[in-house]
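**Q** The feature domain 'PINc' is assigned by Swiss-Prot to 4-119, with sequence analysis given as support. Under the heading Mg(2+) binding site, Swiss-Prot lists Asp7, Asp97, citing sequence analysis as support.
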Amino acid sequence: MTTVLLDSHVAYWWSAEPQRLSMAASQAIEHADELAVAAISWFELAWLAEQERIQLAIPVLSWLQQLAEHVRTVGITPSVAATAVALPSSFPGDPADRLIYATAIEHGWRLVTKDRRLRSHRHPRPVTVW
C-alpha cells in the first residue's frame with residue numbers, strides 16, 4: 001500500500017485550492033492508496049485559520065473534521081521525535097517542519113511539500129515530492 005504524507009499547506013490546498021498543487025504533487029496524491037498528515041499539522045492548520053492566513057467557508061473545527069475523514073493522522077512516536085532532533089543544524093529549525101519530515105522518514109513515505117527548505121535537504125532516499 002502506498003501512503004503519502006501531506007505537509008500542512010498541501011493538506012489545505014488539496015482540500016480547498018487544488019489548482020495550487022503541482023502536477024507531480026497531484027499525481028502523487030491521486031495514485032496513493034492512503035493520505036496521511038502528521039498530528040502537528042492539525043495545530044498548524046487551525047492556527048493558520050485563526051490568524052486568517054487561510055480562508056475557510058465554514059468554521060475551522062468543522063473543516064478540520066471534514067478533512068480528517070479523508071486522511072490518516074500520524075502521531076509523534078519516540079522514533080519520530082528522535083529522528084526530528086537528529087536532523088542536522090542545516091535543516092530548518094521549525095519544530096513542526098522537523099516532525100513532519102521525520103514522520104515521512106520513519107514511515108518510509110514520500111512527503112508532498114512545496115517547501116523548498118525541506119525539498120533541498122539531502123537524504124539517502126528521495127523523501128519529498130513536488
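Cβ coordinates come from backbone N, Cα and C, glycine included.
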**Q** Roughly where does the domain 'PINc' (4-119) sit in mean pLDDT, to the nearest integer?
**A** 95
**Q** Per residue, counting other C-beta atoms within 10 angstroms of the C-beta, which of the binding-site residues Asp7, Asp97 reaches the highest number?
**A** Asp7
**Q** Can you check what DSSP calls Asp97 (Mg(2+) binding site), collapsed to helix, strand or coil?
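**A** Asp97 (Mg(2+) binding site) sits in a helix per DSSP.
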**Q** With helix taken as DSSP H, G or I, strand as E or B and everything else coil, how many residues of the domain 'PINc' (4-119) land in each class?
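**A** Once the DSSP states are binned, the domain 'PINc' (4-119) shows 68 helix, 14 strand, 34 coil.
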